[in-house]
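Among the features that TrEMBL reports, active site, proton acceptor is placed at Tyr175. The NADP(+) binding site annotation in TrEMBL covers 31-59, Asp85, Lys179. What TrEMBL lists as substrate binding site is Ser162.
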Amino acid sequence: MFYRAQQMRWGGENVRRAMSNSGQKVVLITGCSSGIGLRMAVMLAKDEKQRYHVIATMRDLKRKDKLVEAAGDAYGKSLSLAVLDVCTDESVKQCINGIKDRHVDVLINNAGIGLVGPVESISIAEMKSVFETNFFGVIRMIKEVMPDMKKRRGGHIIVVSSVMGLQGVVFNDVYAASKFAMEGFCECLAVQLLKFNVTMSMIEPGPVHTEFESKMIQDVRQKEFPGADADTVNYFKNVYLPSSVDIFETLGQTPDDIARVSPPVIEQGSSARFRNLTNPLYTPIVALKYADETGGLSVHAFYHMLFNLGPLMHVSMKAMQYLTCGCLRSRTVSPN
Ligand SMILES: NC(=O)c1ccc[n+]([C@@H]2O[C@H](COP(=O)([O-])OP(=O)(O)OC[C@H]3O[C@@H](n4cnc5c(N)ncnc54)[C@H](OP(=O)(O)O)[C@@H]3O)[C@@H](O)[C@H]2O)c1
């Protein structure tokens, strides 16, 4: 038996935690109650070569059922659960202190929240809460795990960022800003960490069909957008939202598409790429930005696409969807 399993009691829940003491890599993932985090945890825990022991974390263990069901036999063997809220210092510390020797080989920062809408209608408190999770949440995790990695001269920090961490998208101002901030932070840290044999990798998905999308749509439906003028609300609701739904429908990937990127990124170790775009259809959009240092090309291209080509885009997306029978949804670029 490769693991020393122990039962711990946290927050009134029985938490089964198994610590790898073989050559397996200990992989800690944040935000595993749904979506990308859940599928990454399951895929790594069910790895055929049994290379990983996964500590799947979530802020509320009442949400563990989908993960436990998907993990099947791996639960309690190569997958253990722990409570972790990335917005709380104490929760982060308690989780990492509960791991044998605080040893984490691979930290996958996945937990994140979205926010769309006219800036005028979003309070500063709402904006701060996006940064608290998407930016400070990741930093909190890195600050807790990185010193041990540096001491051991080994480790891998992976961040689930977004295409919106590289290219802004209209009405996603605050979400994109939180991911841009993360990209900048990681670009700086990656250089220093090389000196300690610690690798930093970003995974940058485009649209993915998860609760992220449904939570945002539900949130938008409930909102009145106070403070935003009628024209802006009209552009948001009647121009941006329909295009966004089309784009998700046509180009959206599955959480498994994104999860499949994680084993090769981990296995490449110190030679892993820093950036890993998961959807090849977004590569030209990112290239556009770097092709013109004035920034005008991207700003005007996006304006033209949204306001002048909106109806045409809708028709093209529908045609694309029809012609490809939805096959584009499963296209993933491997970082290999
Ligand atoms: N879906 C997309 O289109 C898309 C595209 C690009 C990048 N991403 C990124 O992918 C990552 C995962 O998103 P997803 O699409 O899988 O969405 P999701 O299904 O909504 O999953 C987000 C996860 O983050 C967790 N989370 C939120 N706040 C947390 C906190 N304070 N502490 C710990 N966990 C917390 C959620 O837990 P609860 O269940 O407790 O809320 C949930 O498990 C995010 O970083 C997102 O920005 C998503």
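Note: Cβ is positioned from N, Cα and C throughout, glycine not excepted.
Mapped onto this structure are the features recorded in TrEMBL.
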residue: Gly31; record: NADP(+) binding site; DSSP (3 states): coil
residue: Arg39; record: NADP(+) binding site; DSSP (3 states): helix
residue: Asp47; record: NADP(+) binding site; DSSP (3 states): coil
residue: Ile55; record: NADP(+) binding site; DSSP (3 states): strand
residue: Ser162; record: substrate binding site; DSSP (3 states): coil
residue: Tyr175; record: active site, proton acceptor; DSSP (3 states): helix
Densest Cβ neighbourhood among Gly31, Gly35 (binding-site residues), 10 Å radius: Gly31
Contacting recorded positions for ligand 1, chosen from Arg39, Met43, Asp47, Arg51, Tyr175 when the Cβ sits under 6 angstroms of any of its atoms: none
Proximal but sequence-remote residues of the same chain as Arg59 (NADP(+) binding site) (Cβ under 8 Å, at least 6 apart): Ser33, Val83, Leu84, Asp85, Val86, Ser91, Ala111
Rounded Cα-Cα span from the residue listed as 'active site, proton acceptor' to Arg39 (NADP(+) binding site), Å: 23
C-alpha spacing of the residue listed as 'substrate binding site' relative to Ile55 (NADP(+) binding site), in angstrom: 23
Euclidean distance between Cα atoms of Tyr175 (active site, proton acceptor) and Met43 (NADP(+) binding site), Å: 27
Residue among the binding-site residues Met43, Ile55 whose Cβ has the most other Cβ atoms within 10 Å: Ile55
Number of Cβ atoms other than its own within 10 Å, given for Tyr175 (active site, proton acceptor): 25
Rounded inter-Cα distance in Å - Arg51 (NADP(+) binding site), the residue listed as 'substrate binding site': 27
Among Arg39, Arg51 [binding-site residues], residue with fewest other Cβ within 10 Å: Arg51
Nonlocal neighbours by CB distance (under 8 Å) for Asp47 (NADP(+) binding site), same chain, sequence gap 6 or more: Ser78, Pro263
Same-chain residues at least 6 apart in sequence whose Cβ lies under 8 Å from the residue listed as 'substrate binding site': Tyr175, Ala176, Lys179, Glu204, Pro205, Gly206
